[in-house]
Amino acid sequence: MGLKRDELLSSLSTFPSTSLLRNSYFRPWRTNLQRQESASTINLTKEKFEVILDVQQFAPEEITVKASNNSVLVEGKHEEKQDEHGFISRQFTRRYILPTGYDIADLVSTLSSDGVLTVTAPSRPPPNSGERIVPITKTGPAKQPEPPKSEQSQPREQNVPIVTSP
């Protein structure tokens, strides 16, 4: 079992401070453990902003996702529970700043059956350049104007005398 390149470099950057050296005991596994516990991944593409969190230690009703302004707040909390080692209570809060160009109004979150929470915000369409194509709606034929009515063509009322015979 050996070290990978990025593990070697990260261990150099987290080399113990002088206070740890005074104890003469360096625990490199702590750095790796801290990295594993922060099971949060951010995927940023042109189509979406996505956060993936491992929340398997929490029931669905113990997790909340809130959106306000340009940030997403994910919280999880459960009261004291008994496990194989004794009693434990857990709580976490994570806040993510949503980059510009993503629509927080359409934010959705899903929780898989194995405890993976995915929070997704789609990208906004590009801003309007001020020019747009206006669609043309086709209608029926144009209405023909009616010819003006002359007096001759209109029937007139006439007083016709009534003749009675004796």
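Just so it is clear, glycine is given a Cβ too, placed from its N, Cα and C backbone atoms.
TrEMBL annotations: computationally assigned, not manually curated.
Per TrEMBL, the features are:
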type    : residues            : note
BINDING : His78, Glu80, His85 : Zn(2+) binding site
DOMAIN  : 30-139              : domain 'SHSP'
REGION  : 119-166             : region 'Disordered'
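Counting only same-chain residues six or more apart in sequence, none has a Cβ lying under 8 angstroms from the Cβ of His85 (Zn(2+) binding site).
Cβ proximity to the Zn(2+) site centre (mean Cβ of His78, Glu80, His85, cutoff 8 Å) flags the following additional same-chain residues: Glu79, Lys81, Gln82, Asp83, Gly86, Phe87, Ile88, Ser89, Arg90.
Minimal Cβ crowding within 10 Å, among the binding-site residues His78, Glu80, is found at Glu80.
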